[in-house]
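Database features (Swiss-Prot):
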BINDING   Ala12, Glu31, Cys42, Ala43, Gly45, Arg96, Asp274, Gly286, Ile287  FAD binding site
Amino acid sequence: MYDVVVVGAGPAGSMAAKTAAEQGLKVLLVEKRQEIGTPVRCAEGISRESIEKFFEVDKKWIAAEVTGAKIYAPNKTEIVMSEEMAGNEVGYVLERKIFDRHVARLAAKAGAEVYVKTAMVDFERKDGKVKVKLRRLGEDWEVETKILIGADGVESKIGRKAGIIKTLKLNEVESCAQYLMTGLDIDESYTYFYLGRELAPGGYAWIFPKGNGSANVGIGVLPKMAERTAKEYLDAFIEKEGIEGKIVEFVAGAVPVYGEIETAVADNIMLAGDAAYHADPITGGGIANALSAGYYAGKVAAEAVQKNDFSADFLRRYDELWKNDFGKKLRRNKKLQLKFIDMDDALLNKLAGAIAGKNLREMSVAAIVKELLKAHPKLLWDLKDLF
């Protein structure tokens, strides 16, 4: 009998397993893939604050350090933002293959059992416990646990069966494609974001430096607005921008841009990370929120074991923690995202022109909003309930 079984060894799952094990719980962490951290399905960016509040930074899993972001409007108007203003995805670019394994190793060091090539086939709640059916190398076996934590990604089998989440609609998920490229000639102290409805309908393109002339070059599009695949939009972006380099890796995937879900718990069950749609609806970034959610899930699991109460009512303490941390931001950024996808390229150019050339490092958010409102007064009405 385990206290906690965690499914999925990404940042959320490994963090949950590590935190629960550190509280003295008997923990099992399973990952269906052969290697933790592969394939990489994100741009790998995270702010310094988001990573340093949980870990002592190890240069082995830092691919690059960036000091700001450059954002390009469709007409190439450039906006330069400081690291502090650029959000949760700017500061470090991680080497996710190494970082994810590092967090899983910390979970094991804390006492968690970690199995790779192990998939969750099914689960059943019975008599206040959860029976979890696992499959490894073609063999099935069952384990019993008091708490099941689903960190099994955007299409969470656990979340759907528990009735916590439903299948996402085409306007609630971004389709993403990304190349790892080498031989690039870029200033590696910045991350780069490219906007435009023609370029990336409902999303944006990005370049995240990884050092030594390499970078993640990717794009995210909203399937409801897109007329082609994400990869086709990515290839068109690279050709249009004249990006010359060698493609050494390709990944594709989906990122939830749902916003804040009502609850991430059911009896005996908690969801964390992409499984709970914790990714930022504007940026699609999810590492920072996943780490925080995993930490909160592990802490609440320990409290539940101590109280011997695994009901949804008790586990809603987890909802309170993640909602108080980043729930408001998810709600706000979902509303901003809905406004953003309505903007045509002409309006994006106009807004960018209103703040381009200004020293944003010395401007408050309120001052920037004021400049944007001068360029587009209707924004004041559209966004009145966000600030």
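Using the three backbone atoms N, Cα and C, a Cβ is placed for every residue, glycine included.
The shown structure was predicted, so the numbers you read here are calculated from the model rather than taken from an experiment.
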For Asp274 (FAD binding site), the number of other Cβ atoms found within 10 Å of its own Cβ: 29
Site diameter for FAD, Å, by largest Cα distance between Ala12, Glu31, Cys42, Ala43, Gly45, Arg96, Asp274, Gly286, Ile287: 23
For Cys42 (FAD binding site): DSSP state (helix, strand, coil): coil
